[in-house]
Amino acid sequence: MSTPQKTAGGNNAYHNFYNDFLHIKDPNERRRLALAEVDRAPFGWYHVRAVAVAGVGFFTDSYDIFTVSLLTLMLGIVYFPGEGKMPTTSDTAIKLATSAGTVIGQVGFGAAADVFGRKSMYGLELLFIIFATLAQALASGSPSINIIGIIIFWRVLMGVGIGGDYPLSSIITSEFATTKWRGAMMGAVFAMQGLGQLAAAFVMLFVTLGFKKSLEAAPTLASCTGDCAVAVDKMWRTVIGVGAVPGCIALYYRLTIPETPRYTFDVKRDVEQASDDIEAFKTGKPKGQPDEATRIVAKQEAEKEMEIPKASWGDFFRHYSKRKNAMLLAGTALSWCFLDIAYYGVSLNNATILNVIGYSTTGAKNTYEILYNTAVGNLIIVLAGAVPGYWVTVFTVDTVGRKPIQFMGFGILTILFVVMGFAYKHLSPHALLAIFVLAQFFFNFGPNATTFIVPGEVFPTRYRSTSHGLSAAMGKIGSIIGQGAIAPLRTRGAVKGGNPNPWMNHVLEIYALFMLLGVGTTFLIPETKRKTLEELSGEFDMSGEEEAQRDTTLTEHKTEAPTSSAAVNA
């Protein structure tokens with residue numbers, strides 16, 4: 001076996017890409033060769049670290065988003081005594097608040113990350129989330145302001161931070177990822193959403209068990225007053241407050257993550273810094289340390305010679321005035337929008353749906369059993385459906401491909417919602433629960449994962465974060481439509497003492513229509529597996545012959561590199 005060559009400044013563990021290509025003067029060629037090394041790098045601990053840093057933040061996002069159905073249930077008990085539930089308008093407003101803030105964060109942080117850099121924004125959005133989460137847990141009403149209004153305010157602010165995390169986590173992961181496993185890495189980050197949902201269900205279960213004695217005293221939610229109401233008040237504050245813990249753990253690592261080499265190459269045009277940042281990432285350092293004089297000269301040359309267009313408003317509109325690029329953005333944005341209409345319409349109403357199908361209330365003798373059944377029901381949905389769906393995507397997305405998974409997911413979800421909607425009155429509660437669990441599985445082994453992954457791959461570096469943010473924002477606009485306009489229709493025609501959700505079957509039928517529309521928009525997106533980000537975005541267009549030539553060039557340059565490096569060091 002031949003001994004692998006080591007370039008100056010490298011070792012067996014950490015290869016020095018900077019010295020590999022130090023002798024190459026053309027900044028475009030250095031960029032291509034250095035990024036090829038990133039794309040071809042074997043999967044290592046530095047990739048695991050990138051996924052973990054992005055994933056812990058996404059875990060926090062998911063926990064905070066999906067505790068809302070539990071939050072509104074408990075707020076209804078505490079602040080609406082005698083009724084046991086809050087008005088539908090208040091329930092909807094709290095759920096919409098996070099989505100409204102998320103739209104702002106996705107567009108704002110997405111654009112800012114393209115202007116100021118990924119590193120500059122990463123961590124700032126997490127500060128929003130941590131602060132707003134703690135503020136919610138400590139919130140209290142007063143004679144002059146209602147607790148519902150206070151919660152809505154803080155959830156909007158929290159949503160801004162959550163929104164910023166979508167484009168940043170996706171883009172940073174994709175730009176650091178090896179081409180072969182980029183889908184799995186991005187899918188693993190997104191799969192933390194399932195673990196966040198699972199954690200929310202477990203925390204709810206534990207606090208319910210902890211206050212069992214106080215909760216058992218009230219036979220119904222409406223009669224939960226006194227010690228029972230105090231217990232529920234402590235419960236919702238605990239459930240919300242715990243969401244700040246993983247964010248605090250992830251904050252340091254986000255603030256110290258290096259800038260992505262692609263951004264430094266293509267937007268900053270800082271060739272020397274980007275080359276050193278690649279090495280810094282692999283060694284766990286926050287930033288590369290190139291020679292400052294060499295860096296300044298190289299940057300000046302790159303400004304003149306780089307083939308990649310400079311980012312500007314004019315270039316942005318020129319780029320998306322081309323039909324191909326506009327249709328691509330429409331494909332990612334509309335697919336996400338149609339998905340979230342149904343996904344958030346049902347997922348943020350898990351507690352309501354469990355109640356509708358009788359799972360949480362049937363046979364329940366007191367408030368404790370209702371809340372316990374709700375927590376266990378959420379655990380069943382997440383463990384049996386959501387979590388497996390996420391991880392099946394992680395293990396198949398780089399072999400099956402993004403587009404087939406999205407087609408399959410939308411298609412099967414259309415069928416499941418048609419069955420739930422049109423056969424709603426003929427299905428038993430257990431059958432409805434089983435179909436609902438299947439729907440959660442195919443949301444996540446389907447478009448919920450792929451709509452996050454694809455926008456992080458197909459757009460050029462200079463507009464990648466903005467475009468991902470716009471796509472994600474359309475998704476959250478869809479969730480606002482699903483929660484604000486469609487989900488409340490379930491109460492249409494309700495009479496006091498009767499079925500509180502007589503229109504639930506028609507709501508599910510409407511969701512089926514949007515899943516069918518998602519099948520159509522999937523035709524607008526390309527297959528992205530095993531292709532470099534530059535191939536997908538058209539930043540350089542390689543045929544098979546050109547790619548083979550590039551591989552030959554890469555080998556030749558790396559063979560020459562030790563000699564050149566030695567000359568530099570001499």
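A Cβ is built for glycine as well, from the same backbone N, Cα and C atoms used for every other residue.
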Under the annotation given by Swiss-Prot, are GLU535 and TYR372 positioned on the same side of the membrane?
no
Tertiary contacts of the transmembrane segment (238-258) (same chain, 6+ residues out, Cβ under 8 Å):
49-50, 52-53, 56-57, 59-60, 63-64, 67, 70-71, 74, 119, 122-123, 126-127, 129-130, 133-134, 136-137, 172, 199-200, 203-204, 207, 277, 280-281, 285-288
Dominant neighbour of the transmembrane segment (375-395) in 187-207, 326-346, 434-454, 506-526, by Cβ pairs under 8 Å:
434-454
Which of 96-116, 187-207, 469-489 has the most Cβ pairs closer than 8 Å to the transmembrane segment (434-454)?
187-207
What is the number of residues in the topological domain 'Cytoplasmic' (396-403) that are helix, strand and coil, as DSSP sees it?
3 helix, 0 strand, 5 coil
Against the transmembrane segment (469-489), which of these stretches has the most C-beta pairs under 8 Å: 144-164, 187-207, 326-346, 404-424, 506-526?
326-346
Mind tallying the topological domain 'Cytoplasmic' (165-186) by DSSP state, helix then strand then coil?
20 helix, 0 strand, 2 coil
Applying the under-8 angstroms CB criterion, which one of 62-82, 96-116, 144-164, 506-526 scores highest with the transmembrane segment (187-207)?
62-82
Annotated stretches the transmembrane segment (62-82) and the transmembrane segment (144-164) touching (3 or more Cβ pairs under 8 Å):
yes
